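According to Swiss-Prot, the protein has these features:
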{"type": "DISULFID", "residues": "C302-C349", "note": "disulfide bond"}
{"type": "CARBOHYD", "residues": "N294", "note": "N-linked glycosylation site"}
{"type": "CARBOHYD", "residues": "N307", "note": "N-linked glycosylation site"}
{"type": "CARBOHYD", "residues": "N320", "note": "N-linked glycosylation site"}
{"type": "REGION", "residues": "1-41", "note": "region 'Disordered'"}
{"type": "TOPO_DOM", "residues": "1-100", "note": "topological domain 'Cytoplasmic'"}
{"type": "TOPO_DOM", "residues": "122-135", "note": "topological domain 'Extracellular'"}
{"type": "TOPO_DOM", "residues": "157-212", "note": "topological domain 'Cytoplasmic'"}
{"type": "TOPO_DOM", "residues": "234-362", "note": "topological domain 'Extracellular'"}
{"type": "TOPO_DOM", "residues": "384-407", "note": "topological domain 'Cytoplasmic'"}
{"type": "TOPO_DOM", "residues": "429-485", "note": "topological domain 'Extracellular'"}
{"type": "TOPO_DOM", "residues": "507-525", "note": "topological domain 'Cytoplasmic'"}
{"type": "TOPO_DOM", "residues": "547-552", "note": "topological domain 'Extracellular'"}
{"type": "TOPO_DOM", "residues": "574-687", "note": "topological domain 'Cytoplasmic'"}
{"type": "TRANSMEM", "residues": "101-121", "note": "transmembrane segment"}
{"type": "TRANSMEM", "residues": "136-156", "note": "transmembrane segment"}
{"type": "TRANSMEM", "residues": "213-233", "note": "transmembrane segment"}
{"type": "TRANSMEM", "residues": "363-383", "note": "transmembrane segment"}
{"type": "TRANSMEM", "residues": "408-428", "note": "transmembrane segment"}
{"type": "TRANSMEM", "residues": "486-506", "note": "transmembrane segment"}
{"type": "TRANSMEM", "residues": "526-546", "note": "transmembrane segment"}
{"type": "TRANSMEM", "residues": "553-573", "note": "transmembrane segment"}
Amino acid sequence: MAPWPELGDAQPNPDKYLEGAAGQQPTAPDKSKETNKNNTEAPVTKIELLPTYSTATLIDEPTEVDDPWNIPTLQDSGIKWSERDTKGKILCVFQGIGRLILLLGFLYFFVCSLDILSSAFQLVGGKMAGQFFSNSSIMSNPLLGLVIGVLVTVLVQSSSTSTSIVVSMVSSSLLTVRAAIPIIMGANIGTSITNTIVALMQVGDRSEFRRAFAGATVHDFFNWLSVLVLLPVEVATHYLEIITQLIVDSFHSKNGEDAPDLLKVITKPFTKLIVQLDKKIISQIAMNDEKAKNKSLVKIWCKTFTNKTQVNVTVPSTANCTSPSLCWTDGIQTWTMKNVTYKENIAKCQHIFVNFHLPDLAVGTILLILSLLVLCGCLIMIVKILGSVLKGQVATVIKKTINTDFPFPFAWLTGYLAILVGAGMTFIVQSSSVFTSALTPLIGIGVITIERAYPLTLGSNIGTTTTAILAALASPGNALRSSLQIALCHFFFNISGILLWYPIPFTRLPIRMAKGLGNISAKYRWFAVFYLIIFFFLIPLTVFGLSLAGWRVLVGVGVPVVFIIILVLCLRLLQSRCPRVLPKKLQNWNFLPLWMRSLKPWDAVFSKFTGCFQMRCCCCCRVCCRACCLLCGCPKCCRCSKCCEDLEEAHEGQDVPVKAPDTFDNITISREAQGEVPASDSKTECTAL
């Protein structure tokens, strides 16, 4: 319910309205005359109106504004179980089973679409990501390493891929562990873009989008804040490198078995039918293999046979022969026998693009569009199914189970249990992106609060590192130490971040920052896309370019920018906490132009560009909804056209000045209630006022 508008001349005391009102009451003319005659002799009689007709009651007791971050109550408008007959109960059971099957099916395709989305990004930008790593000389700069880790992980949509590239480079002595640590930190930031993209799919409902986007970006802010604090500490002390080196030196482990595939056992059979990639090519490009640059990432041959044979080859002289017995010469040329290894292709892979012979960019673009469409469709259906299931008593039980703390004095343990649950679930699905992306719609519809989602997200950061540690233990001997040390660096980095931003409640800044961004994005929804472009592309690319130009350029540009940001933050803190210490002009931002202190002018600009597209989108939504209504027979399923309702609210909900009602308004309302004044006349009088 929308809050009451502020009244310009509201009087908190109802006596000021009701004094002398009896003189104008038509139902008691005699009493009013006597009251007017004795006005100077006796006190004025006050008439108490019913709360239904009294505007003074509305002024004195305003309705409390609902907190947008409160979990919404999903009312169950269906027929109660006790009121159903036998046929209705059986039908209800089958409907529940059908919804569960549909939910699991859409969740399966949702996870598969995330896997294909990662493959699409690797096809589009995988070779470029490998070229970022190919220049190992620039990797010694920690800031450049951080930015490269962010950009590469955003391009390939997989922190596991970027981490495996780093491991292969470290094991090949192309990169040191010290230079690899900032890249791992950047990969931790880049992997959080996936669930932020998923949150954009709930943009149709402002309330859901506010919660979903805040729940997704709490992961971003945790990673950014952790890097801002821990990267300088690591550069100064190298504590991650030292701790992990001691742990690795204490191990005397041999090569283990491969890391267990849990969720991938279910999803691989389907995703392999869509596309299969040769991910070794990206690592080969990173290690400056020129032949790999001309190879396609799309895997064509799945079954090959490697054979060795002896062939005659020409050598410059007899000194190059393999042995004297295998060396022949005619005085002009010299031959010898050499063992040559060749690969023989036996069977092709079984996927859609195996015989298309399209370039990687074309295949990646096709898969990117299709995977985003499937991702959006699955997410919409998951939200709708959950919204239809999580109602009434079921919703109450689930919300209380997830969001309720342990009884005192063990309430503080609840968050740490949530961290363990998040780590365990991420270990099962073997991807933090999959877990946090599945968490996002639940936050949007109000099943999980932001405060509970935060420790679950922190646990997912821990869970993805345990998977990397198991994978490192299964590495071959030449890569075991380096891969294990890098996986442990990733693990202790996330542990350090949790110690910084979770144990003490007032240090949980990511929650407050995510809520602030959620409020802004709910009001100006274009700002969510702006945030993604700025934080995951423009800022890393700008820092990358300035770093390549030299440290003098980086310092000359970066120091003033950092100084301005710190100054603005300090001013904002003083304005909110103790504004009296500031000059009057600096107690607010009104001294700045409107476009520098408000998003309203920018919103007007973006609205002009997006207005036409939004209207066309709404028309398509209405057509699709009506077709859906015809199929399912439900007259209320057109709620998916909420963008149209938002447009109508935007046009109708303009700021109209509302004045406090005078005594005459009370009289008019009472006359209308008694039937003496027609409703149309009263509306005309109110309009004239």
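The first residue you see is number 1, and the count goes up from there.
Note: Cβ is positioned from N, Cα and C throughout, glycine not excepted.
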Among N294, N320, C349, which are recorded as recorded positions, the nearest neighbour of N307 (N-linked glycosylation site) by Cα: C349
C-alpha spacing of N294 (N-linked glycosylation site) relative to N320 (N-linked glycosylation site), in angstrom: 31
In contact by Cβ distance (the transmembrane segment (213-233), the transmembrane segment (101-121); 3 or more pairs under 8 Å): no
Recorded stretch, among 136-156, 363-383, 486-506, maximising Cβ pairs under 8 Å relative to the transmembrane segment (408-428): 486-506
Intrachain neighbours beyond the topological domain 'Cytoplasmic' (507-525), with Cβ under 8 angstroms and 6 or more residues off its ends: 68-69, 203, 206-207, 209-211, 213-215, 217-218, 220-222, 225, 450-451, 454, 500-501, 531, 599, 602-603, 606
For N320 (N-linked glycosylation site), the number of other Cβ atoms found within 10 Å of its own Cβ: 13
Nonlocal neighbours by CB distance (under 8 Å) for C349 (disulfide bond), same chain, sequence gap 6 or more: K272, Q276, K299, I300, W301, C302
Beyond the flanks of the topological domain 'Extracellular' (547-552) by 6 or more, those residues with Cβ under 8 Å of it: 138, 141, 143-144, 147
The topological domain 'Extracellular' (122-135) - residue tally per DSSP class, helix then strand then coil: 13 helix, 0 strand, 1 coil
Tally of residues which DSSP labels helix, strand or coil - the topological domain 'Extracellular' (234-362): 47 helix, 35 strand, 47 coil
